[in-house]
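Here is what TrEMBL records for this protein:
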{"type": "DOMAIN", "residues": "2-182", "note": "domain 'Class II Histidinyl-tRNA synthetase (HisRS)-like catalytic core'"}
{"type": "DOMAIN", "residues": "199-286", "note": "domain 'Anticodon-binding'"}
Amino acid sequence: MFGPEGPLADAEILAMIVRFLEEVGLAGTLTLEINSLGCPECRPAYREKLIAALEAKEPELCGNCQNRLHRNPLRVLDCKNESCKEIAHDAPHMLDHLCETCDSHFTGLKSHLDTLGLKYVVNPMMVRGLDYYTRTAFEVTTDALGAQSAVAAGGRYDGLVTEMGGKNPVPAIGFAMGLERLALLLEQQEIGAAPVDIYLAAVGDEAAQSFGLKAAEAFRAAGLRVAMGLQGGSMKAQMKKAGKSGARYSVVIGEEEAQNAQVTLKDMEQREQWTLSIEEAVARMKSA
């Protein structure tokens, strides 16, 4: 999301992510973690304090953290090495060194999340390794796979546009979602695709195919779920696929139907069929 710079946009994005994950079956398994990474005004001073604190413990850091101590010290905070975790726990935290503007932004975000009833955990150890991240950072994890696993993560990218060559900074917030992990979670919970209302078979020339596409879009616009037989095949093969789809209705469009701007609608449960305009077919299915 580009443009909005206030915490309201951050809260809206977080609510959207959490609600989506709840809708696909992960309700009750989610943890939302948030942090603030400050901004170019307050982060440099904090960075120097963090480096000074970590230098005092440098011999106890793992090899990776020793290498990035001066290059990217914030990454030491999310190291999984047990010794590094203990050192990071006692190190200065960005939340205690925010400028007034960043502190107000983070306070506003928490207030909006409270208003929405979204539970969250403030995790001062959560960081991002790229400099264009500013202020809000977040991660959504689930325990549905046993161990705590991240399914979505992101934050504010207010420095992204200039990082890519833009002349002026543009406020932005976004996220990435682990689709493979999400697919695994859905499969584990036996959550499949939503059942379709219509199986649409467009059989014949290009005009029939084109009219079939138009009909499918009209049905979807009316709130009906449509599976379209894009791979073609004989009418018998298409009707076999229609039966397997679980759809209550099949819609057949051949060359004659396309010429007359009509569809053949069949109720698979009642074994009835009609030749109708697209609008009439929508009305019949919606009234059933």
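Heads up, the Cβ atoms here are built off N, Cα and C, so glycines get one too.
Model confidence over the domain 'Class II Histidinyl-tRNA synthetase (HisRS)-like catalytic core' (2-182) is summarised by a mean pLDDT of 90.
Under DSSP, residues within the domain 'Anticodon-binding' (199-286) fall into helix, strand and coil as 42 helix, 22 strand, 24 coil.
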